[in-house]
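These come from Swiss-Prot:
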- 8-81: domain 'Core-binding (CB)' (DOMAIN)
- 93-253: domain 'Tyr recombinase' (DOMAIN)
- K157: active site (ACT_SITE)
- R218: active site (ACT_SITE)
- Y250: active site, O-(3'-phospho-DNA)-tyrosine intermediate (ACT_SITE)
Amino acid sequence: MTISSFQKQLTTQITNFLARKTISDSSKQAYAYDLKQFVNCLPGRVDQTSLKLYENQLKEWKPSVQKRKRSAVNQFLLYLYQKGELEEFFKLSETAPLPSQQEELEIFDLSSLYEGQEGPGKLACLFILELGLLPSEILELKWEDIDLDFGVVTVAKGSTKRVLRLDGALKELLFGIKNDNSQGLILSKAFTRQWLYKQIQSYVGGCGLSGVTAQALRQQYILRQIEKGTGAFELARLLGLKSPVTLEKYYKT
């Protein structure tokens with residue numbers, strides 16, 4: 001059996017395996033994602049050698065992610081054995097190794113961003129830090145996209161829309177600047193991205209954080225969501241991404 005046909009056969013088994021599980025669609029997506037990664041690592045067979053190769057690749061991930069992937073793979077291996085697809089029962093070690101000493105991305109103290117003077121720079125910073133929005137998305141936001149009573153923001157990106165939870169300091173700031181005449185764009189009129197980047201740069205500089213960029217703020221949003229326990233698929237949805245592939249580096253050790 002060729003590697004491609006072997007992987008195709010196991011991919012079919014993944015579908016059958018997940019069909020037996022009474023779990024949410026998002027959990028099934030996570031299982032499918034982890035198991036397809038596992039199958040793609042196999043050199044045309046399941047044995048101790050191929051499992052060792054896979055376990056070596058797992059070392060790149062954080063212990064919490066390793067634990068999730070190990071659990072999913074072990075359940076799948078047991079399923080294959082019980083179905084008679086494997087003549088021998090294989091199992092990955094349940095214990096993840098200690099995290100490496102590699103430099104990790106850090107969550108910064110950005111409390112000063114909440115204390116600065118109100119204006120477009122502060123508003124943009126909080127939209128990025130609390131909701132992970134892109135500057136281009138902020139520029140297109142309209143008051144009609146925001147429901148302060150229900151605490152939600154609807155963000156349109158192409159033909160898709162996502163609804164994000166709005167609370168904390170950003171919600172308070174929007175309450176403070178909204179009035180009976182508030183309509184149209186949040187920033188009152190159309191501006192360029194270059195203009196908004198300058199507003200952000202000026203504001204963070206005034207808060208003593210001159211090295212912090214819009215990209216860094218979005219990265220901080222990602223790290224804070226991961227710290228809360230947000231999974232890769234849910235985080236991708238919050239950010240408006242089509243897949244969690246670009247987020248994998250944040251879930252690695």
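Any Cβ shown, glycine's included, is placed from N, Cα and C.
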Which residue among the active-site residues K157, R218 has the fewest other Cβ atoms within 10 Å of its Cβ, if you could check?
K157
Sort out the sequence-distant neighbours of Y250 (active site, O-(3'-phospho-DNA)-tyrosine intermediate) for me: same chain, 6+ apart, CB within less than 8 Å of its CB, listed by position.
L105, I222, L223, I226
Please list the DSSP helix, strand and coil residue counts for the domain 'Core-binding (CB)' (8-81).
59 helix, 1 strand, 14 coil
Work out how many Å separate K157 (active site) and R218 (active site) at their Cα atoms, rounded off.
17
R218 (active site) in three-state DSSP notation:
helix
